[in-house]
Amino acid sequence: MMAAGICTAGAMLLLGATGLMNLIYKLIPRCVVRGIQLSQGLSFALNAVEYVRKEQDFSKPNYGNGEKRGWLGLDGLILSIFCACFIVIVSGCGEAGEDAGEEVENGDERERAVRKAIASLPSAFLVFSLGVVFAFIRKPKMVYEIRFGPSRMEVVKISKQAWKTGFVKGTIPQLPLSVLNSVIAVCKLSNDLFPAGKRLSATSVSVTVGAMNLVGCWFGAMPCCHGAGGLAGQYKFGGRSGTCVVILGVVKLGLGLALGSSLVVVLREFPVGVLGVLLLFAGIELAMASRDVNSKEDAFAMLVCSAVSLVGSSAALGFLCGIVVHLLLKPDKVVMMVIKLVCGLKRRCC
(Lines of atoms letter the chains of each structure in order from A and count residues from 1; the text may use other names and numbers.)
(Lines give C-alpha, C1' and ligand atoms only; values in the text may rest on other atoms or scores of the structure.)
Protein backbone atom coordinates (compact mmCIF):
# COMPACT_ATOMS: atom_id res chain seq x y z
CA MET A 1 0.00 0.00 0.00
CA MET A 2 2.82 2.40 0.79
CA ALA A 3 4.54 1.52 -2.50
CA ALA A 4 1.31 2.23 -4.39
CA GLY A 5 0.95 5.57 -2.61
CA ILE A 6 4.53 6.60 -3.39
CA CYS A 7 4.27 5.61 -7.07
CA THR A 8 0.93 7.40 -7.47
CA ALA A 9 2.34 10.45 -5.71
CA GLY A 10 5.33 10.51 -8.05
CA ALA A 11 3.04 10.43 -11.08
CA MET A 12 0.82 13.21 -9.66
CA LEU A 13 3.86 15.35 -8.86
CA LEU A 14 5.24 14.84 -12.38
CA LEU A 15 1.91 15.70 -14.03
CA GLY A 16 1.62 18.85 -11.94
CA ALA A 17 5.22 20.03 -12.28
CA THR A 18 5.25 19.64 -16.08
CA GLY A 19 1.93 21.48 -16.51
CA LEU A 20 0.24 18.45 -18.09
CA MET A 21 -2.37 18.34 -15.32
CA ASN A 22 -3.49 21.87 -16.15
CA LEU A 23 -3.77 20.87 -19.81
CA ILE A 24 -5.88 17.83 -18.87
CA TYR A 25 -8.08 20.06 -16.72
CA LYS A 26 -8.80 22.38 -19.65
CA LEU A 27 -9.56 19.55 -22.09
CA ILE A 28 -12.03 17.52 -20.03
CA PRO A 29 -15.64 18.70 -20.66
CA ARG A 30 -17.67 19.85 -17.69
CA CYS A 31 -20.44 17.27 -18.20
CA VAL A 32 -17.96 14.41 -17.80
CA VAL A 33 -16.58 15.93 -14.60
CA ARG A 34 -20.15 16.27 -13.35
CA GLY A 35 -20.68 12.59 -14.17
CA ILE A 36 -17.69 11.62 -12.04
CA GLN A 37 -18.92 13.83 -9.19
CA LEU A 38 -22.43 12.38 -9.43
CA SER A 39 -21.17 8.78 -9.41
CA GLN A 40 -18.77 9.38 -6.53
CA GLY A 41 -21.43 11.20 -4.51
CA LEU A 42 -24.01 8.47 -5.09
CA SER A 43 -21.40 5.81 -4.28
CA PHE A 44 -20.69 7.52 -0.94
CA ALA A 45 -24.41 7.82 -0.25
CA LEU A 46 -25.13 4.16 -1.09
CA ASN A 47 -22.30 2.99 1.17
CA ALA A 48 -23.57 5.30 3.89
CA VAL A 49 -27.05 3.78 3.72
CA GLU A 50 -25.49 0.32 4.13
CA TYR A 51 -23.57 1.58 7.17
CA VAL A 52 -26.84 2.72 8.70
CA ARG A 53 -28.91 -0.35 7.75
CA LYS A 54 -26.46 -3.15 8.61
CA GLU A 55 -23.92 -4.01 11.27
CA GLN A 56 -20.35 -3.45 10.08
CA ASP A 57 -17.12 -5.18 11.07
CA PHE A 58 -14.37 -3.30 9.26
CA SER A 59 -11.76 -5.86 10.32
CA LYS A 60 -13.28 -8.35 7.85
CA PRO A 61 -13.01 -8.13 4.02
CA ASN A 62 -16.78 -8.62 3.55
CA TYR A 63 -17.76 -6.20 6.31
CA GLY A 64 -20.79 -4.98 4.33
CA ASN A 65 -22.63 -8.31 4.66
CA GLY A 66 -23.53 -7.94 8.31
CA GLU A 67 -26.89 -8.45 9.97
CA LYS A 68 -29.58 -5.79 9.90
CA ARG A 69 -29.09 -3.11 12.52
CA GLY A 70 -31.59 -3.05 15.38
CA TRP A 71 -33.75 -0.07 16.23
CA LEU A 72 -32.59 0.34 19.82
CA GLY A 73 -29.16 0.51 21.41
CA LEU A 74 -26.20 2.86 21.36
CA ASP A 75 -25.69 2.21 17.65
CA GLY A 76 -29.29 1.60 16.60
CA LEU A 77 -31.43 2.98 13.81
CA ILE A 78 -33.19 5.44 16.13
CA LEU A 79 -29.85 7.12 16.90
CA SER A 80 -28.99 7.35 13.19
CA ILE A 81 -32.41 8.76 12.28
CA PHE A 82 -32.16 11.32 15.09
CA CYS A 83 -28.72 12.48 13.84
CA ALA A 84 -29.98 12.70 10.25
CA CYS A 85 -33.02 14.77 11.24
CA PHE A 86 -30.83 17.05 13.36
CA ILE A 87 -28.50 17.73 10.42
CA VAL A 88 -31.43 18.45 8.09
CA ILE A 89 -32.95 20.88 10.59
CA VAL A 90 -29.65 22.71 11.12
CA SER A 91 -28.06 22.60 7.66
CA GLY A 92 -31.13 22.41 5.46
CA CYS A 93 -30.45 21.37 1.87
CA GLY A 94 -26.80 22.32 1.94
CA GLU A 95 -26.51 26.06 2.47
CA ALA A 96 -25.38 25.57 6.07
CA GLY A 97 -27.29 28.54 7.36
CA GLU A 98 -26.53 31.10 4.66
CA ASP A 99 -29.33 33.60 4.36
CA ALA A 100 -31.33 31.54 6.84
CA GLY A 101 -33.10 34.62 8.09
CA GLU A 102 -34.20 35.62 4.60
CA GLU A 103 -36.14 32.36 4.20
CA VAL A 104 -38.74 33.69 6.63
CA GLU A 105 -40.23 36.39 4.45
CA ASN A 106 -43.17 37.36 6.60
CA GLY A 107 -41.83 36.33 9.99
CA ASP A 108 -40.85 38.67 12.78
CA GLU A 109 -37.34 39.47 13.97
CA ARG A 110 -37.53 36.90 16.75
CA GLU A 111 -38.29 34.10 14.30
CA ARG A 112 -35.44 35.19 12.06
CA ALA A 113 -33.09 35.25 15.05
CA VAL A 114 -34.12 31.72 16.05
CA ARG A 115 -33.57 30.40 12.52
CA LYS A 116 -30.14 32.00 12.35
CA ALA A 117 -29.21 30.64 15.77
CA ILE A 118 -30.21 27.12 14.73
CA ALA A 119 -28.36 27.40 11.41
CA SER A 120 -25.18 28.55 13.16
CA LEU A 121 -24.89 25.31 15.15
CA PRO A 122 -21.91 23.12 14.10
CA SER A 123 -24.06 20.10 13.25
CA ALA A 124 -21.25 17.76 12.14
CA PHE A 125 -19.12 18.51 15.22
CA LEU A 126 -22.08 17.98 17.56
CA VAL A 127 -23.04 14.68 15.90
CA PHE A 128 -19.42 13.50 15.98
CA SER A 129 -19.10 14.50 19.66
CA LEU A 130 -22.28 12.55 20.43
CA GLY A 131 -20.75 9.52 18.73
CA VAL A 132 -17.58 9.82 20.85
CA VAL A 133 -19.66 10.01 24.04
CA PHE A 134 -21.63 6.93 22.99
CA ALA A 135 -18.35 5.14 22.21
CA PHE A 136 -17.22 5.59 25.83
CA ILE A 137 -20.65 4.53 27.10
CA ARG A 138 -20.50 1.37 24.98
CA LYS A 139 -17.13 0.40 26.46
CA PRO A 140 -16.31 2.36 29.63
CA LYS A 141 -13.23 0.25 30.36
CA MET A 142 -11.45 1.54 27.26
CA VAL A 143 -10.45 4.56 29.37
CA TYR A 144 -7.79 2.29 30.89
CA GLU A 145 -6.53 1.30 27.42
CA ILE A 146 -5.68 4.86 26.44
CA ARG A 147 -1.98 5.71 26.56
CA PHE A 148 -0.68 9.25 26.24
CA GLY A 149 2.11 10.14 23.86
CA PRO A 150 2.72 9.71 20.14
CA SER A 151 3.26 6.36 18.47
CA ARG A 152 6.77 5.46 17.42
CA MET A 153 7.44 6.30 13.79
CA GLU A 154 9.91 4.49 11.57
CA VAL A 155 10.74 4.39 7.87
CA VAL A 156 8.79 1.68 6.04
CA LYS A 157 10.95 -0.98 4.39
CA ILE A 158 9.51 -1.81 0.96
CA SER A 159 10.62 -4.97 -0.85
CA LYS A 160 11.03 -5.31 -4.63
CA GLN A 161 7.91 -7.47 -4.78
CA ALA A 162 5.94 -4.84 -2.83
CA TRP A 163 7.01 -2.17 -5.34
CA LYS A 164 5.88 -4.35 -8.24
CA THR A 165 2.56 -5.35 -6.64
CA GLY A 166 1.88 -1.82 -5.44
CA PHE A 167 2.44 -0.32 -8.88
CA VAL A 168 0.45 -2.93 -10.83
CA LYS A 169 -2.46 -3.44 -8.43
CA GLY A 170 -2.47 -0.02 -6.78
CA THR A 171 -1.03 2.79 -8.88
CA ILE A 172 -2.35 1.78 -12.31
CA PRO A 173 -6.04 1.48 -11.27
CA GLN A 174 -5.81 4.38 -8.79
CA LEU A 175 -4.12 7.01 -10.97
CA PRO A 176 -7.15 7.77 -13.21
CA LEU A 177 -9.37 8.16 -10.12
CA SER A 178 -6.78 10.39 -8.43
CA VAL A 179 -6.54 12.62 -11.49
CA LEU A 180 -10.31 12.88 -11.89
CA ASN A 181 -11.61 13.02 -8.31
CA SER A 182 -8.58 14.42 -6.45
CA VAL A 183 -7.63 17.17 -8.90
CA ILE A 184 -10.07 17.83 -11.76
CA ALA A 185 -13.28 17.40 -9.74
CA VAL A 186 -11.81 19.30 -6.76
CA CYS A 187 -10.88 22.30 -8.90
CA LYS A 188 -14.25 22.34 -10.66
CA LEU A 189 -16.16 21.95 -7.38
CA SER A 190 -14.11 24.62 -5.63
CA ASN A 191 -14.71 27.11 -8.42
CA ASP A 192 -18.45 26.28 -8.34
CA LEU A 193 -18.80 26.62 -4.56
CA PHE A 194 -16.68 29.78 -4.37
CA PRO A 195 -17.17 31.61 -7.69
CA ALA A 196 -16.00 34.92 -6.23
CA GLY A 197 -12.84 33.44 -4.71
CA LYS A 198 -9.40 32.71 -6.12
CA ARG A 199 -9.43 30.18 -8.96
CA LEU A 200 -7.91 26.90 -7.83
CA SER A 201 -4.99 25.72 -9.95
CA ALA A 202 -4.91 22.10 -11.11
CA THR A 203 -1.12 22.32 -11.07
CA SER A 204 -0.90 23.30 -7.39
CA VAL A 205 -3.44 20.67 -6.32
CA SER A 206 -1.61 17.93 -8.22
CA VAL A 207 1.79 18.96 -6.86
CA THR A 208 0.59 19.10 -3.25
CA VAL A 209 -1.10 15.68 -3.51
CA GLY A 210 2.16 14.24 -4.78
CA ALA A 211 4.37 16.03 -2.25
CA MET A 212 2.41 15.08 0.88
CA ASN A 213 2.27 11.41 -0.09
CA LEU A 214 5.91 11.23 -1.12
CA VAL A 215 6.75 12.32 2.44
CA GLY A 216 4.04 10.60 4.48
CA CYS A 217 3.98 7.16 2.87
CA TRP A 218 7.61 6.52 3.79
CA PHE A 219 6.53 6.71 7.45
CA GLY A 220 3.41 4.55 7.10
CA ALA A 221 0.87 7.34 6.58
CA MET A 222 -2.24 6.25 4.68
CA PRO A 223 -2.20 7.71 1.13
CA CYS A 224 -4.46 10.76 1.03
CA CYS A 225 -5.64 13.50 -1.33
CA HIS A 226 -7.75 16.62 -1.71
CA GLY A 227 -10.86 14.55 -2.51
CA ALA A 228 -13.97 16.20 -3.91
CA GLY A 229 -16.01 14.29 -1.31
CA GLY A 230 -14.05 15.87 1.51
CA LEU A 231 -14.48 19.34 0.04
CA ALA A 232 -18.22 18.75 -0.38
CA GLY A 233 -18.48 17.53 3.22
CA GLN A 234 -16.62 20.57 4.56
CA TYR A 235 -18.90 22.90 2.63
CA LYS A 236 -22.05 21.00 3.63
CA PHE A 237 -21.27 21.36 7.33
CA GLY A 238 -20.38 25.05 7.23
CA GLY A 239 -16.80 25.39 5.98
CA ARG A 240 -16.39 28.59 3.97
CA SER A 241 -12.61 29.18 3.98
CA GLY A 242 -9.29 27.39 4.31
CA THR A 243 -9.23 28.24 8.00
CA CYS A 244 -11.61 25.39 8.87
CA VAL A 245 -9.26 22.87 7.23
CA VAL A 246 -6.27 24.39 9.05
CA ILE A 247 -8.10 24.06 12.37
CA LEU A 248 -9.02 20.46 11.54
CA GLY A 249 -5.39 19.70 10.70
CA VAL A 250 -4.10 21.25 13.92
CA VAL A 251 -6.63 19.24 15.97
CA LYS A 252 -5.63 16.01 14.21
CA LEU A 253 -1.93 16.72 14.80
CA GLY A 254 -2.64 17.43 18.44
CA LEU A 255 -4.64 14.22 18.91
CA GLY A 256 -1.99 12.20 17.09
CA LEU A 257 0.82 13.56 19.24
CA ALA A 258 -1.20 13.30 22.47
CA LEU A 259 -2.83 9.88 22.03
CA GLY A 260 -1.13 8.14 19.10
CA SER A 261 -2.50 4.67 18.38
CA SER A 262 -4.84 4.93 21.38
CA LEU A 263 -7.20 6.80 19.07
CA VAL A 264 -7.95 3.47 17.38
CA VAL A 265 -9.44 2.22 20.66
CA VAL A 266 -12.00 5.05 20.60
CA LEU A 267 -12.72 4.84 16.87
CA ARG A 268 -13.32 1.09 17.11
CA GLU A 269 -16.31 1.74 19.38
CA PHE A 270 -17.61 4.77 17.45
CA PRO A 271 -21.22 4.14 16.29
CA VAL A 272 -20.99 3.17 12.62
CA GLY A 273 -24.57 4.31 12.02
CA VAL A 274 -23.58 7.86 13.00
CA LEU A 275 -20.58 7.65 10.67
CA GLY A 276 -22.95 6.57 7.89
CA VAL A 277 -25.17 9.61 8.45
CA LEU A 278 -22.21 12.00 8.10
CA LEU A 279 -21.00 10.20 4.96
CA LEU A 280 -24.53 10.28 3.51
CA PHE A 281 -24.79 14.06 3.61
CA ALA A 282 -21.25 14.52 2.27
CA GLY A 283 -22.08 12.24 -0.66
CA ILE A 284 -25.35 14.05 -1.41
CA GLU A 285 -23.57 17.41 -1.36
CA LEU A 286 -21.01 16.12 -3.87
CA ALA A 287 -23.70 14.66 -6.14
CA MET A 288 -25.66 17.93 -6.07
CA ALA A 289 -22.82 19.63 -7.96
CA SER A 290 -24.27 18.04 -11.11
CA ARG A 291 -27.51 20.04 -10.90
CA ASP A 292 -26.16 22.80 -13.15
CA VAL A 293 -26.09 20.58 -16.26
CA ASN A 294 -28.82 22.11 -18.41
CA SER A 295 -28.60 20.80 -21.97
CA LYS A 296 -29.97 17.38 -22.88
CA GLU A 297 -26.74 16.33 -24.62
CA ASP A 298 -24.58 17.16 -21.58
CA ALA A 299 -27.05 15.47 -19.23
CA PHE A 300 -26.99 12.33 -21.38
CA ALA A 301 -23.17 12.15 -21.37
CA MET A 302 -23.11 12.84 -17.63
CA LEU A 303 -25.58 10.06 -16.84
CA VAL A 304 -23.76 7.56 -19.06
CA CYS A 305 -20.52 8.40 -17.27
CA SER A 306 -22.17 8.02 -13.84
CA ALA A 307 -23.98 4.79 -14.70
CA VAL A 308 -20.86 3.07 -16.00
CA SER A 309 -18.81 4.32 -13.05
CA LEU A 310 -21.33 2.99 -10.53
CA VAL A 311 -22.10 -0.35 -12.19
CA GLY A 312 -18.55 -1.07 -13.30
CA SER A 313 -17.03 0.34 -10.09
CA SER A 314 -14.45 2.11 -12.24
CA ALA A 315 -14.25 5.88 -12.53
CA ALA A 316 -11.72 5.49 -15.36
CA LEU A 317 -14.12 3.35 -17.42
CA GLY A 318 -17.01 5.75 -16.74
CA PHE A 319 -14.80 8.69 -17.70
CA LEU A 320 -13.83 7.03 -20.97
CA CYS A 321 -17.46 6.25 -21.85
CA GLY A 322 -18.52 9.79 -20.97
CA ILE A 323 -15.81 11.28 -23.20
CA VAL A 324 -16.78 9.03 -26.13
CA VAL A 325 -20.49 9.86 -25.80
CA HIS A 326 -19.75 13.58 -25.49
CA LEU A 327 -17.62 13.56 -28.64
CA LEU A 328 -20.17 11.52 -30.58
CA LEU A 329 -22.90 13.99 -29.66
CA LYS A 330 -20.72 17.00 -30.46
CA PRO A 331 -18.25 16.09 -33.24
CA ASP A 332 -17.12 19.70 -33.57
CA LYS A 333 -15.66 19.37 -30.10
CA VAL A 334 -13.24 16.73 -31.40
CA VAL A 335 -11.60 19.25 -33.71
CA MET A 336 -11.37 21.89 -30.97
CA MET A 337 -9.96 19.37 -28.49
CA VAL A 338 -7.25 18.26 -30.94
CA ILE A 339 -6.33 21.89 -31.66
CA LYS A 340 -6.08 22.69 -27.93
CA LEU A 341 -3.98 19.57 -27.33
CA VAL A 342 -1.57 20.36 -30.18
CA CYS A 343 -1.23 24.01 -29.15
CA GLY A 344 -0.70 23.06 -25.51
CA LEU A 345 1.97 20.48 -26.32
CA LYS A 346 3.68 22.93 -28.73
CA ARG A 347 3.90 25.56 -25.98
CA ARG A 348 5.36 22.99 -23.57
CA CYS A 349 8.00 21.96 -26.12
CA CYS A 350 8.90 25.50 -27.13
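Cβ atoms here come from the backbone N, Cα and C positions, even for glycine.
Any TrEMBL annotation is an automated prediction that lacks curation.
Annotated features in TrEMBL:
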TRANSMEM  72-97  transmembrane segment
TRANSMEM  117-137  transmembrane segment
TRANSMEM  244-264  transmembrane segment
TRANSMEM  270-288  transmembrane segment
TRANSMEM  300-329  transmembrane segment
Sequence-remote contacts (6 or more beyond its ends) of the transmembrane segment (72-97), Cβ cut-off under 8 Å? 52-53, 116, 118-121, 123-124, 126-127, 130, 134, 137-138, 235-238, 240, 271-274, 276-277, 280-281, 284-285, 288
Positions whose Cβ lies under 8 angstroms from the transmembrane segment (270-288), at least six residues beyond its ends: 37-38, 40-52, 55-56, 69, 74-77, 79-80, 83-84, 87, 91, 94, 124, 127-128, 130-132, 134-135, 138, 189, 228-230, 232-233, 235-237
